[in-house]
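Undergrad: Pasting in a structure now, in structure tokens, and then I'll have a few things to ask.
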Amino acid sequence: KDKENCIGKHHECTDDRDSCCKGKLFRYQCQCFKVIDGKKETKRCACVTPLHYKMAEMAVSVFKKMFKN
């Protein structure tokens, strides 16, 4: 999807799991969680940066800083 119609980071993507926006390097992924509210259990999803993507972004950032000079 284009930038204007994608779902931003930390926004709900329960009904449209393939529409997360692109982050710095990678597209956010729709991650789902079980929410228990009283006796009712529902599934809620949000666009997030997975841990391995965060680590890759950090490595690229460190690499750029090392070779900036």
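Numbering starts at 1 and runs along the chain as it is shown here.
In case you wondered, yes, glycine gets a Cβ from its N, Cα and C as well.
Okay, so Swiss-Prot annotates it like this:
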DISULFID  C6-C21  disulfide bond
DISULFID  C13-C30  disulfide bond
DISULFID  C20-C47  disulfide bond
DISULFID  C32-C45  disulfide bond
Undergrad: Pick the one among the disulfide-bonded residues C30, C32 whose Cβ has the fewest other Cβ atoms within 10 Å in this structure.
TA: C32
Undergrad: Between C32 (disulfide bond) and C13 (disulfide bond), how far is it from one CA atom to the other, in Å?
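TA: With distance taken Cα to Cα, C13 (disulfide bond) is 9 Å from C32 (disulfide bond).
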Undergrad: Using C-alpha atoms only, work out the spacing between C21 (disulfide bond) and C47 (disulfide bond) and round it to an integer in Å.
TA: 8
Undergrad: Using DSSP and collapsing to three states, where does C45 (disulfide bond) fall: helix, strand or coil?
TA: strand
Undergrad: For C13 (disulfide bond), which of the three DSSP-derived states applies: helix, strand, or coil?
TA: coil
Undergrad: Among the disulfide-bonded residues listed here (C6, C20, C45), which has the Cα closest to the Cα of C13 (disulfide bond)?
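TA: Out of the listed candidates, the nearest Cα belongs to C45.
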Undergrad: Near the Cβ of C47 (disulfide bond), how many other Cβ atoms are there if near means within 10 Å?
TA: 23
Undergrad: What Cα-Cα separation, expressed in whole Å, is found between C30 (disulfide bond) and C45 (disulfide bond)?
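TA: Rounded to the nearest whole number, the Cα-Cα distance is 6 Å.
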Undergrad: For C21 (disulfide bond), just count the other CB atoms lying within 10 A of its CB, please.
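TA: There are 17 such Cβ atoms around C21 (disulfide bond).
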